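J.: Got a structure for you, written out below as structure tokens; questions coming shortly.
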Amino acid sequence: MEHSPEEGASPEPSGQPPATDSTRDGGSGVPPAGPGAASEALAVLTSFGRRLLVLVPVYLAGAAGLSVGFVLFGLALYLGWRRVRDGKERSLRAARQLLDDEERITAETLYMSHRELPAWVSFPDVEKAEWLNKIVAQVWPFLGQYMEKLLAETVAPAVRGANPHLQTFTFTRVELGEKPLRIIGVKVHPSQRKDQILLDLNVSYVGDVQIDVEVKKYFCKAGVKGMQLHGVLRVILEPLTGDLPIVGAVSMFFIKRPTLDINWTGMTNLLDIPGLSSLSDTMIMDSIAAFLVLPNRLLVPLVPDLQDVAQLRSPLPRGIIRIHLLAARGLSSKDKYVKGLIEGKSDPYALVRVGTQTFCSRVIDEELNPHWGETYEVIVHEVPGQEIEVEVFDKDPDKDDFLGRMKLDVGKVLQAGVLDNWYPLQGGQGQVHLRLEWLSLLPDAEKLDQVLQWNRGITSRPEPPSAAILVVYLDRAQDLPLKKGNKEPNPMVQLSVQDVTRESKATYSTNSPVWEEAFRFFLQDPRSQELDVQVKDDSRALTLGALTLPLARLLTASELTLDQWFQLSSSGPNSRLYMKLVMRILYLDYSEIRFPTVPGAQDWDRESLETGSSVDAPPRPYHTTPNSHFGTENVLRIHVLEAQDLIAKDRFLGGLVKGKSDPYVKLKVAGKSFRTHVVREDLNPRWNEVFEVIVTSIPGQELEIEVFDKDLDKDDFLGRYKVSLTTVLNSGFLDEWLTLEDVPSGRLHLRLERLTPRPTAAELEEVLQVNSLIQTQKSSELAAALLSVFLERAEDLPLRKGTKPPSPYATITVGETSHKTKTVSQSSAPVWEESASFLIRKPHAESLELQVRGEGTGTLGSVSLPLSELLQEDQLCLDHWFALSGQGQVLMRAQLGILVSQHSGVEAHSHSYSHSHSSSSLNDEPEALGGPTHPASPVLEVRHRLTHGDSPSEAPVGPLGQVKLTVWYHSDEQKLISIIHSCRALRQNGRDLPDPYVSVLLLPDKNRSTKRKTPQKKRTLNPEFNERFEWDLPLDGTLRRKLDVSVKSNSSFMSRERELLGKVQLDLAEIDLSQGAAQWYDLMDDRDKGGS
């Protein structure tokens, strides 16, 4: 404890006169100013100087003309810093007092507020280890001497060499203090292995450490004065051998992130500002976690030539837990309205944590009984020790409200195999429903087919279920190529499986690096996936070698393991990489758990499955039984092109002056209505709009067409026409000028086309490309597929209040289109037998969402089916039971059909589909419906625009990459059209990937009227744009121009400068604008801008 000078002064010896009496000035009678008076005056001046210094910012703000807001902001910043600082000092003092005298402090603070005690204070059921603390206390001063040498002789030179601005960096003070690290208790776990000892050490460090640094060149001082660190450190002694020192190695790591609190000094005092304080502590903890928190660990070998060091440093996981976050119920309401007078609900979401693995669910708005239906897979490294933690929050604009948490030791999941329970939330109210499955790691591929078949029936969100795990032990490389100028590279490795990429650390100035790192990947289907390895310089611009390894190769290897050298391609002749690849199949052992009767239905607990069962109940069907009309729908594509000789309805000056009309078209077909835009003052309008509608082959249907003149009061009638759908569906195509009825004059140009869905995905990419070509600006995006859904029934739906069956109905939604089924009264096994069809524009990106709800009871369960899964199935169809989130299953059939137009070019290049699948041929000439057949317009000439030269492997890519363009001239609309499809193999300058976009100019004009630009794509060398641009130009004017296409990237976040990645310039006079074929063009630099 520090003392004032008065408290520490020694008393005067008795018998001596006071010093003040012998030093008085006899002439004046006033005592001279002694040391005490001088120090008191200095203290007064110091206090006055501090107050004056506080007023300096206020004066400067006023002199600069700044508002009082800046002064208030600075004051708030200071008060926040002071509050954080005082809190840290108070916590440090309380912790030190507790360590100094545990019994007395515990008794005195029995009723102390929890805010006054450190968060780590607890009394774990572990053994005391005071003897160990005495050893640490004895060693502590010598450890301080070692740290001082380490920082001064190793760390300081490294810092000075890292940056020229830190040439004067030095440690001015290094003291670990007098408070050593304490071990509160030790717990020894029984290990399943005989050659291993597991220890858990509850460590607590409340130290008076002081480390000061200085950069003399900039008069900058900073440091640390006091620190707290508390956590559970696991120590593993393995392998135990029969030779001294008995223990082969010691592994140490924190099972969970320890708590950290640092008291800063000097310039680092700024880190105590609110916001910066949490950010700095988080960054420091991230650094600690990078090498000392699971799955990372510190390995200290105790014997030379220890075998399987990589396996000890990064052992295989104990298992995988598949966490199904299903639902919650009875949550507390946190949203209040009208200043708390009206109680609302909550917008709950959940955070799931296992060690450093964290997952966040989606937010369910306005719901106290949310259903998430999400699945996560976590790696379990240590049992016992790791915990599953679920925290539920209410999403708010400012700060999210805490609704409760639950914790569960992963050892209980290991023992049970499967746990499906409602768990109460601590610190709040309500329960959360979790289904936890322990997946064992099998060292052979015998059960892989069974696992894959099971996973196909699991509806998992947000990621599909995994069938295997791959662990890559990256050891070292040899004889990598040198950089330019024979400089040693700084190699690092990028490992990728599908869309997941991991990066190793960089090793500097060597062409034979040693990494000794481990990486883990989840695999959905190891038979078809690959491991892509890229060895690069740390700038990421220079590739030192590459390797692509099909993972199917491991399936035939012994114990699914490859431990060998791999030769690198695109590298030196002797360049190679040493790795150990270990694959394990994820298997859920159902030997004691009942299988679901149909793949796709999750296994619910036996009691709930047997409730209400009957011996005489009929067997549950495996597949749906739709009626004969299901899946026979077609799509009618309606092109409303133009009209001629419409009658004039507008009159001016009381009818004396004859004007024109403002025409638009209304369409009615199959219960749907459509309307074109209005063309102002034109008797020969051009609309060029496309509409699509799902139609059936029921006879007697008609397409009703009416033309009106738009007016302020009542729209005037300009004519009508009716087309029989039977005729269009039989012929497949109609392109006619239709004479309008009930009016003196006028005719309408209409093009109708029947699109029959095809159950093959081979033509999907071509369909998407053709749709982008014939797309018009005033029409919505064209459909590429038709989705047909048949919902037959549901089973095992949850009961209301635990006893009463619900009255369920289902809602099927795709995009913005929904279909609601009938409501079945009071049944937990409803039968709907309803179908619905949806137009699909982007099959790769859209999904089918099904919700089962009860009248007055809310959501009973839901299913999300990405349509990309249908594209991978035979006949593009799934027909089985789907598990609902929460409880229950539905029997549903979902089938996709690709909409191939024979009159837009796909058919000319399609060889993978037999015409026998179509109900009728579309190759016949269309029959006239009221007039001679009109010649096909240039829109139909798209049929020969798709070429097979589109393949990326057709020609080598240039050094700057390529851009894929379609350029053609629409003679009907007199427009130049360009589609920017994508880029590939763009160059990378610097460490970060570019953020590319494409800028298009129509030279010689460089103004804004001809400039077009795509959206920016983030961090990619192979961006996909699919953007369409148009210019209104006559054909002769188009042929005199050049199309300048530039691929650019933002240079930095703060800069407006744009980096040119490459460009190409196309002379439109030299291009066949009637073909419009998509083509790859090599990008050039600014000096050479020619086309490919």
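A Cβ is built for glycine as well, from the same backbone N, Cα and C atoms used for every other residue.
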J.: If you check Swiss-Prot for phosphoserine, which of S10, S951 comes up?
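T.: Comparing S10, S951 with the record, Swiss-Prot tags S951 as phosphoserine.
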J.: Taking 604-628, 804-828 as the choices, which stretch does Swiss-Prot tie to region 'Disordered'?
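T.: In Swiss-Prot, residues 604-628 carry the label region 'Disordered'.
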J.: According to Swiss-Prot, which of these ranges is transmembrane segment: 29-49, 533-553, 1058-1078?
T.: 29-49
J.: May I ask you to find which of D347, D409 Swiss-Prot records for the Ca(2+) 2 site already listed with D335, D394, D396?
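T.: Ca(2+) 2 site check in Swiss-Prot: besides D335, D394, D396, the record includes D347 out of D347, D409.
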J.: Which residue, chosen from S314, S512, is annotated phosphoserine in Swiss-Prot?
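T.: Going through S314, S512 one by one, Swiss-Prot flags S314 as phosphoserine.
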J.: Of S314, K334, D396, D401, which recorded positions are close to S807 (phosphoserine), meaning a Cα within 10 Å of its Cα?
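T.: For S807 (phosphoserine), the recorded positions whose Cα atoms are within 10 Å come to none.
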J.: Around Y997 (phosphotyrosine), which residues of its chain at least 6 apart sit with Cβ under 8 Å of its Cβ?
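T.: Spatial neighbours, sequence-distant, of Y997 (phosphotyrosine): K1013, T1014, P1015, Q1016, K1017, P1023, F1025, V1047, K1048, S1049.
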J.: Just give me the nearest neighbour of D396 (Ca(2+) 1 binding site) among the recorded positions S314, D347, K804, Cα to Cα.
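T.: Of the recorded positions S314, D347, K804, D347 has its Cα closest to that of D396 (Ca(2+) 1 binding site).
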J.: Whose Cβ lies within 8 Å of the mean position of the Cβ atoms of K334, D335, D394, D396, D401, the Ca(2+) 1 site, other than those residues?
T.: S346, D347, F393, K395, D400, L403
J.: How does the domain 'C2 5' (959-1081) divide up by DSSP, counting helix, then strand, then coil residues?
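T.: The composition, in the requested order, is 7 helix, 60 strand, 56 coil.
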J.: Under 8 Å Cβ to Cβ from S314 (phosphoserine), same chain, six or more residues apart: give me those in sequence order, or none if nothing qualifies.
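T.: In sequence order, the residues whose Cβ lies under 8 Å from that of S314 (phosphoserine) (at least 6 apart) are P295, R297, V471, Y473, E517, A518.
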J.: Run through the domain 'C2 4' (769-886) and tell me, per DSSP, how many residues are helix, strand and coil.
T.: 14 helix, 58 strand, 46 coil
J.: Given a 10 Å Cβ-Cβ cut-off, pick out the one of the binding-site residues D335, D347, D394, D396 that has the most other Cβ atoms nearby.
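T.: By the 10 Å Cβ neighbour count, D394 comes out on top.
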J.: What count of other C-beta atoms do you get within 10 angstroms of the C-beta of K804 (N6-acetyllysine), across all chains shown?
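T.: So the Cβ neighbour count for K804 (N6-acetyllysine) comes to 11.
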J.: Given a separation of at least six residues and a C-beta threshold under 8 Å, show me what packs close to K334 (Ca(2+) 1 binding site) in the same chain.
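T.: In sequence order, the residues whose Cβ lies under 8 Å from that of K334 (Ca(2+) 1 binding site) (at least 6 apart) are S346, D394, D396, D401, L403.
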J.: Is it possible to get the count of other C-beta atoms within 10 angstroms of the C-beta of D401 (Ca(2+) 1 binding site)?
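T.: Other Cβ atoms found within 10 Å: 18.
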J.: How far is it from D347 (Ca(2+) 2 binding site) to K804 (N6-acetyllysine), counting Cα to Cα, in Å?
T.: 27
